[in-house]
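Record features (Swiss-Prot):
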- TYR133: active site, proton donor/acceptor (ACT_SITE)
- LYS161: active site, schiff-base intermediate with substrate (ACT_SITE)
- THR45, ILE203: pyruvate binding site (BINDING)
- THR44: site 'Part of a proton relay during catalysis' (SITE)
- TYR107: site 'Part of a proton relay during catalysis' (SITE)
Amino acid sequence: MFHGSMVALVTPMQVDGAIDDVALRELVEWHIAEGTHALVAVGTTGESATLEMREHVAVIQTVVEQARGRVPVIAGTGANATHEAIELTRAAMEVKADAALLVSPYYNKPTQEGLFQHYSAIAEHCHFPIILYNVPGRTAGDILPETVARLAPRADIIGIKEASGKVERVAEILALCGDQVQVYSGDDGAALAAMALGARGVISVTANAAPRLMARMCDLALAGDFVGARAVNAQLTGLHRDLFLESNPIPVKWALHEMGRMESVLRLPLTTLSSVHHERLRESLRRAQCI
């Protein structure tokens, strides 16, 4: 259903911390013009943890309205509590998003059975395309391939964003699930390797700054041209690394400010990128022809 370079959109903010609707709409237009294959609104990179519920839904709605069906919009609707995830997913449905991306519950650390029941309940209550999101480095929990396989027969669970840092997980999940789910890389630096193993694309931080190159790399890889894809990816390796010099989305918001696209404002407890990293990230932006 979804493939290629799916940008994990930042949420632009004004200097007073309010959401910058104009900059957000401009980002959507830019991504569509640059060839981004899908837009992921209000995930981790979109600062979902510090948005109020009304803001969260408003950002999804703005992205959907501006996209106007030209590319799919995937809404981040994960939450610690299952009932809250259901509420957010239903809200995304109401504003006409195309699918939901649900990070696994964090901090409360559910068991594998708890994860199974959590996602099953969301699927049963929402009947909407769901992409699981596994990122143990943030959630302190790991959605194991065997749990994905238990969920895979549910028609509404269509894929997983795999950000465990273990590229072999792509092959493990596909071996257990076949074509019942699609796997998407959640790690820009490993995206090319993941696609070689059968992933259908990447939910990307790097695409925020270099959308055309990320889309080109994915197009080549999914067409089987890994020589060409490696050549493109070589221009992006600095960004893959340096956009994580500090916690995401701190570096990528600074990068977009450096590119003249938006303010580098974040909400506390996130703070702007330390000046000691500026020149290194600036050089990676130059290498990727972003500035």
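Backbone N, Cα and C atoms are what each Cβ position is placed from, and that goes for glycine too.
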Calculate the distance in Å between the alpha carbons (Cα) of THR45 (pyruvate binding site) and TYR107 (site 'Part of a proton relay during catalysis'), and round it to a whole number.
18
Among TYR107, TYR133, the recorded positions in question, whose Cβ has the most other Cβ atoms within 10 Å in this structure?
TYR133
Length of the line joining the Cα atoms of TYR107 (site 'Part of a proton relay during catalysis') and ILE203 (pyruvate binding site), in Å
23
How many Å separate the Cα atoms of TYR133 (active site, proton donor/acceptor) and the residue listed as 'active site, schiff-base intermediate with substrate'?
5
Cβ-Cβ under 8 Å from ILE203 (pyruvate binding site), same chain, 6 or more residues apart: which ones?
MET6, VAL7, ALA8, VAL40, GLY43, ILE74, LEU101, LYS161, TYR184, SER185, GLY186
Three-class DSSP secondary structure - ILE203 (pyruvate binding site)
strand
Within its own chain, what residues at least 6 apart in sequence put their Cβ under 8 Å from the Cβ of THR44 (site 'Part of a proton relay during catalysis'), listed in sequence order?
ALA8, GLY76, VAL103, VAL135, ARG138, ASN248, PRO249
